[in-house]
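According to TrEMBL, the features are:
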{"type": "TRANSMEM", "residues": "19-39", "note": "transmembrane segment"}
{"type": "TRANSMEM", "residues": "51-69", "note": "transmembrane segment"}
{"type": "TRANSMEM", "residues": "76-98", "note": "transmembrane segment"}
{"type": "TRANSMEM", "residues": "118-134", "note": "transmembrane segment"}
{"type": "TRANSMEM", "residues": "141-159", "note": "transmembrane segment"}
{"type": "TRANSMEM", "residues": "165-182", "note": "transmembrane segment"}
{"type": "TRANSMEM", "residues": "189-207", "note": "transmembrane segment"}
{"type": "TRANSMEM", "residues": "279-303", "note": "transmembrane segment"}
{"type": "TRANSMEM", "residues": "315-337", "note": "transmembrane segment"}
{"type": "TRANSMEM", "residues": "343-364", "note": "transmembrane segment"}
Amino acid sequence: MILVLAVSMKIFKHYNWSLLLPAIFLTGIGLTSIYSASISRGSFFDFKKQLIYFALALVCFFVLSRLDLRFLKTNSFLVFGFYLLFLLLIAGLLFAAPLTRGIHGWYKLGPVAFDPEPLAALSLIIILAKFFSARHTELRSWRLLLVSSLYMIAPFALVFLQPDLGSSICFVAVWLGAIFFSGLPLKRFMAVLLVFVVLAVLGWQFFLHDYQKQRILSFLNPQVDQKGISWSINQSRIAIGSAGFLGKGLGHGPQTQYGFLTEPKTDFIFSAWAEETGFLGTLFLFALLFFLFWRILQVAFFASGNFSRLFAGGLAFLFFTQSAVNIGMCLGLLPVVGIPLPMVSYGGNTLVAFYIGLGILAGLERRG
């Protein structure tokens, strides 16, 4: 027994617990909220599914963090192959995926729904890290930025056509993270952001669907159409604002349990957690999100190799964007665009993809 324990300790001490533990706690918060939101509905199917995905995610992390993945920065065939595979899977959604909640977002295989977009975002991080790490002496070239943007534009356009505005934003975040940590001069990075502001204005005018515009308008004036498009924002604000210091208690949040809060397991899981655990529970969640974001940034700033720095930078921007936009939606500070809270919201595809990303990051940090 002592020998088994000693061997186990020797094995587990090699894992990067400062990356893994905050992720586990975040997933624990998610599982707790999903379980609580399931009580009044009388079905714990979603909770059990998420538990299975969590087990799979942990396996992915443990395996990948032990592998030597430095070959990713030199094996062009494999990296581009994965990128192209997920690009084709996203394109296939437009033709093979059923219309669910207004978008073609998931392949349905019985009770299992597969969304390739989180893994596509991960493949974009890898291919951009490889692209810029091999060209770090050419960063002052606008041509280089334009070529790199093509890797982002392809999945962005395909996801936008579904139409899924929230997921498409994630691809932009990954690209911005890659160019920021590539060593691009700050003035040039700010110029790129200005270009995106102009493109956003043009997108509003010519490309956004009416329902997407209505979501943004309802965010600007939530008192308009309170029983329609503004319902979710208003109920989320009520849930958070009425929580108090300790919350209503798990399983006792009226907005969550009585169905006033829409999507309490996914888009508005932050609101459900805040309502039932109050200021204290919300502060704990913020602390975990901040610590994990800081740890990913730490790898980006102190990595000895360009590839590791760029991979960490892309993952950090993706994590921050999803966290900030989701919480901003719940607080009524940003329009509702359907972005999950990383490792907290219900959804196995996003959960597994983030643990894969953390596993790769842990492996890269371990080997320099």
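The backbone N, Cα and C atoms fix where each Cβ goes, glycine too.
Packing against the transmembrane segment (76-98) from elsewhere in the chain are residues 104-108, 116-117, 119-120, 123-124, 126-127, 130, 151, 154-155, 158-159, 161-162: each is 6 or more residues past its ends and has a CB under 8 Å from a CB in it. Touching of the transmembrane segment (51-69) and the transmembrane segment (343-364) is concluded from the presence of at least three CB pairs under 8 A, sequence neighbours closer than 6 excluded. Scored by C-beta pairs under 8 angstroms, the transmembrane segment (165-182) has its highest count with 315-337, from the stretches 19-39, 118-134, 141-159, 315-337, 343-364.
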